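Q: Let me give you the structure first, and then I'll get to my questions.
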């Protein structure tokens with residue numbers, strides 16, 4: 001046995017011997033000397049070195065795939081391919097299937113009741129337009145009218161346009177200006193909602209129709225004026241002379257004298273026109289030229305309002321005005337107009353005036369008289385203080401305005417408390433309507449205005465993460481305030497003892513004998529004279545034309561409503577009342593989401609604090 005054989009057996013070398021068989025040849029073959037040398041060399045390695053060679057790793061040659069720009073192993077290529085197939089099956093294939101299936105999208109949710117009512121409420125203003133109407137006005141029984149208005153003035157172009165105030169054919173500029181301010185305010189705060197329900201451009205058209213006309217009521221191209229036209233048309237109580245009250249004629253058929261009445265003093269009228277033009281200038285900021293025209297007009301007419309020696313109510317001594325839209329003061333218009341002019345111009349002189357202690361003192365803003373918490377065409381105090389409270393909530397201007405703004409904020413909260421039934425400030429009908437005008441006729445305009453203020457205040461507080469207000473020792477949540485607003489608008493829309501909607505065209509039961517000349521006379525291409533129209537006034541038949549969207553005066557203090565055309569205290573609609581309705585409806589609708597536009601109203605307000613200086617330049621040695 002060979003001593004170098006570690007595998008067993010022997011190493012036999014047979015020299016010269018030849019085998020005759022394969023077995024012999026195998027046994028007698030000559031061993032490879034290199035192999036023997038390797039065996040000898042292996043025996044000379046130490047144990048560690050030998051261990052390296054005991055089990056040599058036999059590796060297989062990897063296969064590769066040449067993809068042109070890259071070379072990868074076959075195994076990696078296969079796994080990548082499998083992964084792509086799985087991804088396709090899990091994601092792409094279902095997507096393709098869904099796309100190829102017939103489209104069965106669920107319809108969008110139907111608009112809420114407030115949106116439906118809002119669409120109709122805006123049409124009322126189309127029906128009230130005076131002048132040469134646009135082709136898209138949308139009221140088939142209305143046509144061009146009042147094209148001779150203002151021919152007795154020294155103003156070029158006269159006083160054509162604007163809106164008729166109510167069921168008669170008079171254009172009262174004081175409530176008309178208030179209407180434009182309210183519509184503009186609602187559009188500024190809730191422009192996203194108007195856009196969502198497709199009424200944004202319609203609203204802008206309605207506002208511009210009014211502000212274009214208001215610019216005609218004074219010399220808006222001048223910097224100083226000495227008179228304003230306050231009314232076109234009208235009547236004297238008890239008169240039998242053909243005029244806007246004695247006659248029952250469609251606006252298109254008017255054939256009687258319509259005087260244009262002006263005043264040389266009227267801070268209330270001028271202050272309200274300034275507010276309307278300033279608010280509208282914010283609405284039309286995307287139209288730079290028109291917005292500047294509105295601002296210029298607002299500044300001019302407010303200077304007239306502030307002129308010394310001419311501070312008396314515009315209606316004083318005016319027999320065509322005083323019985324209908326008598327103004328009881330003008331300091332509320334100072335606060336209201338100054339606030340809007342500040343937002344429109346950023347001029348601090350206006351916010352200084354609005355927060356001047358003399359303004360709330362003379363307007364009795366802090367007297368906490370219940371009547372002064374009721375917003376109307378005559379009393380702007382609750383709206384003006386809420387508008388200035390907005391300034392405090394969102395911009396926190398601090399000194400020197402903080403003390404007065406805090407007072408406005410506190411009184412605004414107390415006004416809201418007074419609207420709640422649990423605090424017994426105002427009487428309520430058994431059917432659930434607050435009696436803000438102490439049971440007098442035409443209550444709904446005040447109800448709608450209060451609902452708007454409450455709903456807007458809730459949105460202000462929500463936007464500033466305030467959960468409610470304190471009414472004395474009792475905490476009132478925002479839900480309670482919102483519930484007040486919704487309950488009152490719901491009452492107007494039909495949730496009342498009469499089960500009647502007081503908005504024409506909304507719901508199945510609404511007033512059919514509205515006190516309105518144009519709506520009550522058939523659109524039959526026949527002309528009815530001043531007294532010839534009386535048969536339509538006195539008819540018991542329904543109006544041949546529904547004045548869609550008109551909110552009538554409303555029920556009495558016992559929730560009763562008599563749908564009779566001559567019962568004008570209950571069946572006549574007004575511009576100012578319907579403006580409050582529109583504002584309240586848009587604040588409550590869910591179209592476009594909830595909340596307000598916090599910033600648009602402040603776009604002209606300059607920074608209230610000094611801006612930080614720029615950083616110093618880099619230091620260089």
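Positions of Cβ are set from backbone N, Cα and C atoms, glycine also.
A TrEMBL annotation is a machine prediction, not a hand-curated record.
Remember, it's a predicted structure, so these values are computed and weren't measured experimentally.
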Q: Write down the single range among 19-38, 39-58, 59-78, 79-98 that appears in TrEMBL as transmembrane segment.
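A: That would be 79-98, the stretch labelled transmembrane segment in TrEMBL.
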Q: Compute the C-alpha separation of residue 563 (active site) from residue 572 (active site), stating it in Å without decimals.
A: 10
Q: If you count the other Cβ atoms within 10 Å of each Cβ, which of the active-site residues 563, 572 comes out on top?
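A: The largest 10 Å Cβ neighbour count belongs to 572.
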Q: Please average pLDDT over the domain 'Glycoside hydrolase family 9' (114-585) for the predicted structure.
A: 97
Q: State the Cα to Cα distance, in Å, between residue 572 (active site) and residue 515 (active site), rounded to an integer.
A: 5
Q: List, in sequence order, the same-chain residues at least six positions removed whose CB sits under 8 Å from that of residue 515 (active site)?
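A: Counting only residues 6 or more apart in sequence, the Cβ neighbours of residue 515 (active site) under 8 Å are 166, 167, 552, 565, 566, 567, 568, 571, 572.
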